[in-house]
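If you check TrEMBL, you get these features:
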DOMAIN    C:10-70  domain 'MrpA C-terminal/MbhD'
DOMAIN    C:186-300  domain 'Na+/H+ antiporter MnhB subunit-related protein'
TRANSMEM  C:6-21  transmembrane segment
TRANSMEM  C:28-46  transmembrane segment
TRANSMEM  C:52-70  transmembrane segment
TRANSMEM  C:90-112  transmembrane segment
TRANSMEM  C:124-144  transmembrane segment
TRANSMEM  C:151-172  transmembrane segment
TRANSMEM  C:184-205  transmembrane segment
TRANSMEM  C:212-232  transmembrane segment
TRANSMEM  C:252-272  transmembrane segment
TRANSMEM  C:279-300  transmembrane segment
Amino acid sequence: MTPLVHATTPGGFLLVLATILPVCAVLAILASGPRSAARIALATFAAGLAVAIAIATELISSGKALSYVVGAWQPPLGIALRADGLSGAMLVMTALVVVAVGLFAHIQHGLQTDAGGGRAQTTFWVMLLALWSALNAVFVGEDLFNLYVALELLTFAAVPLVCLDGRAETVTAALRYLLFALIGSLLYLLGAGLIYGQYGTLDLLALAQLARQDPALAVALALMIVGLLAKAALFPLHLWLPPAHAGAPAPASAVLSALVIKAPVFLILRLVLDVAPPQAAAIAGQMLAVLGAASILFCSVMALRQARLKLMIAYSTVAQIGYLFIVFPLAAGSADLPPWGTIAWTGGALQLVSHALAKAAMFLAAGVIAEAFGHDRIADLGGFGRVLPISAAAFGLAGLSLMGIPPSGGFVAKCLLLTAAVIQGNPWLAATILAGGVLAGAYVFRVIDKALAVPTVPIVARRAVPRRLECAALALAIAAVLIGFVPLRPFGFLQIGRDGLNLAWAP
Amino acid sequence: MMAVLQPGVLFGLCGAALVGIGLFAVITHPGLLRRIVGCNILGAGIFLVFGAVARRGAGPGFDADPVPQALVITGIVVAFSASALAVALLKRLAELTVDDRAAPDESRSGL
Amino acid sequence: MALFDLALVALLLMLALRVVVEPDERSAIITFLAFGLLLGLAWVRLAAPDVALTEIAIGGGVTGILLLRAEAALRGRGKQAEPATRTGKLAVAAGSAAISAGLGFAVLTFSTPAPTLAPAAAQALPATGLGNPVTAVLLAFRALDTLLEKVVVLLALIGVWSLAPDALWGGAPDLKPAAVPGPLAYLGRVLPPFGVVIGVYMFWVGADAPGGTFQAGTVLAAMWLLVMMAGLHPPPDTTRWLLRLVLAGGPILFLAIAFLGFAFADGFLAYPKALAKPLILAIEAALTLSVAAALAMLVAGPARKAPAR
Amino acid sequence: MSALLDTATVVLVSVGALLFLAGALGLLRFPDTLSRLHAISKADNLGLGLILLGLLPQSASIAGGLKLVCIWLLAQLSAATASQLLARAVHRDRTER
């Protein structure tokens, strides 16, 4: 067995830029004062998007993972960064959502009377940029402790976003979110400590080769996964999410729901697939799938019962996250077919990306609605589609993806998962996927129905909303639909850089 | 038996117990400030486990493995920042929920 | 020594339990501070003097000011969470005990001989020009963590600032009590010169002996807090450019040197071998100031006075 | 010579530790805050002084010895301030009552 070591690849420095550029912008804002926040943020969007696209291009052209050994100190003493196909997809998706949300927020801030530099606006820019850094660091991180710092960066960026409006309810939600997130990251850190104590390294690539069946590793993985589940808000640890995501301003909700909770999910995926020995991975996969299925069913029903639009979307987030966890048993690989070669793996990755785009679009559309009518009570929104046709269209297109109706990214994802469940002879999961789709249809149509209704008293907008604002939501929704046009088979891009890693799966 | 008394094991077990105590406090204590303190005890327990790991890594010429020790230093600073943010949220919450009586009177205690 | 360790562990556990069950909020916090100081002793026994200094300075010191101030501000109107039911408490107790047991089991079954990076760190130490391996790990081998962690601290600070009411955004926090007791004012005048010397000393020896940026920064932060609490110098407006420059200066210098590594060394965060030690010391000096300012402002909290226009 | 110094260290440190013990007992046993304060501050100052004095011969360098003296001075300063502040708080509570 030749030990895999990290070696800096051409283009590896892009990973450093992806992680560090937004942080540079945060420091620049801090040093130069709140007034320049928006300008610095917009410039960083362009640069960050370019870096993400460059990474994806480099991955496609070389067909191999990108690596960077920071400071040329080889792990385990030093830290390495690495991006494979899945990381690359996450980086591009993150950049797209962040830029769209950032443009939305910029237009929205322009509607407000006071000049820039205010408390909520400045905090939003700083936190959005920091969040971007943190997400990129999670997606390219290769060192368990480095990932811990990235997770904490993510928490500290996300919590102030929740209570930007400064009302008592949102501060309560932020505090609860902070405590959940802290317990989560501390449990994760504890697991990392145990792994170091057992193997003397924190490097994921090294652990993929060293890991074997032993009690310390089992305890460590259990702690880390539970901690990450609390951060990912999987049922029954989801209680903090709806008030936090529904109380934030729309652009903040969009990034929180679309991106922030994906980071812990991504890490669970890496831990279960790369580090856990096969038997442990199988057991963990079964348990995660049960929780995922419960999440889909319970929170879809909860979404159906919400009176407020943003709370409904927030519950839908928990339900949609559930799909990502039923991937684990479905993607269980075999000797000749590694997990990332299965259709369930592709389905899960597509679900991750399409949900991010669709959910961001939905929250932005809900933001436009709240901006226009001053409230988001679903019952009082009859006929809003006539006033805000673009937003209603964005909501509907995003809804297609959540329901899993063609043509949409969500359809391809759920279709692949369903096929995998049927092939594997797993009727319960197949039924859950179908039921989740029906329930999602119910809650999305509840809103669409209102949009198309002809109320006796026509609804009027409290204030005019510029079309540009609505277009950001529509663009994301269209992107979510376009993902539906990738072919229905294991997607090659997602397998880039995975082939070296199947050592843990060899019997 | 003597193996348990090695600092590298004994303080690891102490850390394990502190994790349990801290976790219990964070989840069940009715006072939110005490939950934050509980978080700190949980953190202290985790850091002690790291410390035990570091102490076990002693070898000829080294008292301990410096890597986990450095991680703990980073962790302590992050934990303090978390406490500060949580305390600020808690204070803000108290100000918002106790109706708008004049300026909040926190000036009485200097410490 | 084993007897001493056992007594220390027993005391630590007793204090931790006391913190949890104590009904009076302030007693619990003071017990926690005693716990923090004893923890420092535990770190000495674990052959980690660097961590011991950090733990005592942050865990026992600055956290203490933070929590006691919070207790005073919340007294009588502390926000209560919904109390857990008896069965709920029992379930959580069982869960916590299970986690502790699993953890203890894992600690006992660690593989022997223990894996260690100490030899690797010692081997790489000369390339950094430093003598303290912990500082080398923090500022060379794993400098990316330290860099991101600095940003975490600043982010927490901006998060705290963002909790000010809109009208006070950019204003100054308030630390001064209504009436400053004479002894406190005296201490505020006498101690800071010594404290600053101690802080600079800790930073300086940190390259080769226990100490370093965090410990030194915390001592400096404590001195600044003392001056502000004694009413000798008011806290600055959070928009003051000098404050912002000090806060951002450390990480910015760190980043600048990190990027120069692309041109003059083996890449991001690599130091040219000949210049490694002076560069690291320069970064540490700037970081010490940043850490001091950030920790002090974190304790000071959000703005309570409108900014001077 | 070194044996003599070692003996001095042992004696001084032991007496210092005993004083600390007495102070702690006073803290636990005395009825009210002011007398407790009295017990603990006396014992602390003297106890710490004796322990540091005992350690002085063991310090390898002049600088090390100076550090020990500095520790004693700083501890004196902070202990004095803390007792003053505590005593004031007690006084204020009494007059308020």
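From the backbone N, Cα and C atoms, a Cβ is placed for every residue, glycine too.
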Three-state composition of the domain 'Na+/H+ antiporter MnhB subunit-related protein' (C:186-300), taking helix and strand from DSSP: 89 helix, 0 strand, 26 coil
Spatial neighbours of the transmembrane segment (C:28-46) far in sequence, C-beta under 8 Å, 6+ residues away: 1, 4-5, 8-9, 11-12, 15-16, 18-20, 22, 52-53, 55-56, 59-60, 63-64, 67-68, 71
Ranked first among C:151-172, C:212-232, C:279-300 for CB pairs under 8 angstroms with the transmembrane segment (C:184-205): C:212-232
Secondary structure content of the domain 'MrpA C-terminal/MbhD' (C:10-70), with strand meaning DSSP E or B: 55 helix, 0 strand, 6 coil
Distal contacts, the transmembrane segment (C:52-70) - CB-CB under 8 A, six or more residues away: 26, 29-30, 32-33, 36-37, 39-41, 43-44, 202, 210-211, 214-215, 218-219, 221-222, 225, 295, 298-299, 301
Recorded stretches the transmembrane segment (C:252-272) and the transmembrane segment (C:6-21) touching, at least 3 CB pairs under 8 Å: no
Stretch contact, the transmembrane segment (C:279-300) with the transmembrane segment (C:6-21), Cβ-Cβ under 8 Å, 3+ pairs: no
Integer mean pLDDT for the domain 'MrpA C-terminal/MbhD' (C:10-70): 92
